[in-house]
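J.: Pasting a structure below so you can have a look.
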Amino acid sequence: MLDVSYLINEVILLLAAVFVNGFVCKNAMDVKAEDFFFDGLKPGNTVNKLGSSVNLVNVEKIPGLNTLGISLARIDYAPFGLNPPHTHPRATEILTVIEGELYVGFVTSNINGVGNKLFTKLLKKGDVFVFPQGLIHFQFNKGHTNAVAIAGLSSQNPGAITIANAVFGSKPPIADDVLAKAFQVDKNTVDRLQAQFWMDNNN
């Protein structure tokens, strides 16, 4: 038989809870070591269309990160695997290569008279590169062996907007005449792109 009084107490506790950044702050007396622990930063499955896998450890996986302003990701790349152009609206990212080599880059916002400038670098094991908050960036494994990187992010919930997914895979879709004009292509090209399966490489 269902314990209604237990459910009522749980609802009262939830309603009385303090939310910060959309997440419940626990009473200090109820905090446990598990609130600061995650055992899943393991190799990801790179057998997909992109050849990459992002394992993000944020406030959803470690509640103790709430209000601390940091998170972490492990990115695995198959040979010629790509972490496609994307942005983090709430975080700057600092990435270090653990294994292999990566071709990385970011594009600046529109600078007067210059447009959008691309900064790129070929990173080897131990090299570090920074992607400023909100700017479109990518990583590509140009090698014949697997690569692994660890990224630190300056938010407990950095968010990720993968450009192709957002533009061509939104639900509902952006009108094809809008995209045709924006990308200066015909509507048939836009329709073909919108019909693709736009996968997410985040675990």
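Just so you know, glycine gets a Cβ as well, placed from its N, Cα and C.
Dumping what TrEMBL says about this protein:
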- 6-24: transmembrane segment (TRANSMEM)
- 36-191: domain 'Cupin type-1' (DOMAIN)
- Asn83, His88, Glu93: oxalate binding site (BINDING)
- His86, His88, Glu93, His137: Mn(2+) binding site (BINDING)
J.: Suppose the Mn(2+) site is His86, His88, Glu93, His137. Which further residues of the same chain have a Cβ inside 8 angstroms of that site's Cβ centroid?
T.: Thr87, Ala91, Phe106, Phe131, Leu135, Ile136, Pro158, Ala160
J.: Around His86 (Mn(2+) binding site), how many other C-beta atoms are within 10 angstroms of its C-beta?
T.: 21
J.: Provide, as an integer number of angstrom, the distance between the C-alpha atoms of Asn83 (oxalate binding site) and His137 (Mn(2+) binding site).
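T.: If we compare the Cα positions of Asn83 (oxalate binding site) and His137 (Mn(2+) binding site), the gap is 9 Å.
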J.: At the level of the C-alpha atoms, what whole-angstrom distance separates Glu93 (oxalate binding site) and His137 (Mn(2+) binding site)?
T.: 10
J.: Using the CB centroid of Asn83, His88, Glu93 as the oxalate site centre, which other residues of the same chain sit with their CB within 8 A?
T.: Ala73, His86, Thr87, Ala91, Leu95, Phe131, His137, Ala151, Leu153, Pro158, Ala160
J.: If one measures from the C-alpha of His88 (oxalate binding site) to the C-alpha of His137 (Mn(2+) binding site), what distance in angstrom results, rounded to a whole number?
T.: 9
J.: Taking the Cβ of His137 (Mn(2+) binding site) as reference, which residues of that chain separated by at least 6 in sequence fall under 8 Å from it?
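T.: His137 (Mn(2+) binding site) has long-range Cβ partners Pro85, His86, Thr87, Glu93, Val104, Gly105, Phe106, Val107, Phe131.
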